[in-house]
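*Asks:* Supplied in structure tokens, the structure appears directly below.
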């Protein structure tokens, strides 16, 4: 259960304007503006995109200030949405994936985000071309050596506090910290400095789904004006920066971006979610030397104590020649012990992974060959190539559940660790934006409809759900 970013924030009385009216440009006006934006992007030399919560609402993540925003509902005393699916299973929107293609095509030079949902990184935007001004709910950073760790589970704290894990770099071992800012925290120079530099270089700054109210982040797009750059704002509500914009578009971000991509003849790539897990097989002879005691652990790649959030349970069975009882592992840590006679020939352990809510497919199967005469041969396949082949396979066969071994470490003769990659979500997008009336773009393969995390009451405050920005 996620406590949610908004619930963890320190309480402040004044959160700015909420319940802001939404405006929609008429279809013909919207189409004209989309084409103007596409031409601006096509002619740009240094395009910078600045994103807010509005690009993630179609993913099921609520914003703050819109008519159904969290703070709006709280101020009106209305009930907040109930949890649907876990925050960590959110999938990038059409806009997220379109930005990935714009970067690959050479248009997008830098991306600045106020969101803490981690969807830009998950979508495939290169880290060196992204500033996450307010942090990332799924990232920890080492304050000593600076290494960043992207997790598949939501970090339990915000406010740059120490977490329960340590840096794994040899010779470091410092306690890690979360990266999400609280109200009083200053924007980190690591994120702010490149954002400022690129905004000064920009000839177009495209603001998507942001109310442009939170300082100092909201002033970044203005840095482009001194050099003759132009600001474009795509948002349903009015913003304090509207008068500075060369083009102002009131429309759903997904529809606007879909129209731009169609005009530029660019495809929106599918989102392929690949999750990792590790299996740890250990063996030891019994005291009388007649048997081999062995164990199988299914664990997170982030450490044996880290949660494995996309796995609900594991059904374990064995080759038919083995007279061993099958098992269902449904409590983490997922751990199985068995005893085998010492003369046993190699056999297979078959694991059926039962996925948690939010995964497109229900299960996947992994076979692990068990050979008590393990060799120390190195696993030489390139990890990036394996993952790319897995993505390509997933696009061809959208049923998902494909698996591959990406890493193998053998410590003769006691232990074997294998890292498995599993396709758990596939979402394809239809680029055509067609009807420009008020309505949402549809995903071709919809994984789920909402991911607003659970809420809980504390300190007498009203409950809040997970949201983006501040």
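Residue positions begin at 1 at the first shown residue.
A Cβ is built for glycine as well, from the same backbone N, Cα and C atoms used for every other residue.
Just lifted these from TrEMBL, have a look:
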DOMAIN    27-267  domain 'Deacetylase sirtuin-type'
ACT_SITE  134  active site, proton acceptor
BINDING   142, 145, 167, 172  Zn(2+) binding site
*Asks:* Count the Cβ atoms, other than its own, that fall within 10 Å of the Cβ of residue 134 (active site, proton acceptor), considering every protein chain shown.
*Replies:* 24
*Asks:* Any idea which of the binding-site residues 142, 145, 167 has the thinnest Cβ neighbourhood at 10 Å?
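*Replies:* Result for the binding-site residues 142, 145, 167: minimum number of other Cβ atoms within 10 Å at 145.
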*Asks:* If the Zn(2+) site is taken as the center of the Cβ atoms of 142, 145, 167, 172, which further residues of that chain fall within 8 Å of it by their Cβ?
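*Replies:* Those within range, site residues removed, are 143, 144, 146, 147, 166, 168, 169, 173, 174, 176.
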*Asks:* Express the distance between the Cα positions of residue 145 (Zn(2+) binding site) and residue 134 (active site, proton acceptor) as a whole number of Å.
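*Replies:* Distance between the two Cα atoms comes out at 21 Å.
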*Asks:* Please report the distance from the Cα of residue 172 (Zn(2+) binding site) to the Cα of residue 134 (active site, proton acceptor), rounded to the nearest angstrom.
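*Replies:* Just about 26 Å between their Cα atoms.
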*Asks:* Taking all residues of the domain 'Deacetylase sirtuin-type' (27-267) together, what is their mean pLDDT?
*Replies:* 92
*Asks:* Write down the Cα-Cα distance for residue 134 (active site, proton acceptor) and residue 167 (Zn(2+) binding site), rounded and given in Å.
*Replies:* 22
*Asks:* Validating a neighbour-count step here. Other CB atoms within 10 A of the CB of residue 172 (Zn(2+) binding site): how many?
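*Replies:* For residue 172 (Zn(2+) binding site), the 10 Å Cβ neighbour count is 13.
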*Asks:* How many whole Å apart are the CA atoms of residue 142 (Zn(2+) binding site) and residue 134 (active site, proton acceptor)?
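*Replies:* Roughly 17 Å, rounded to the nearest whole number.
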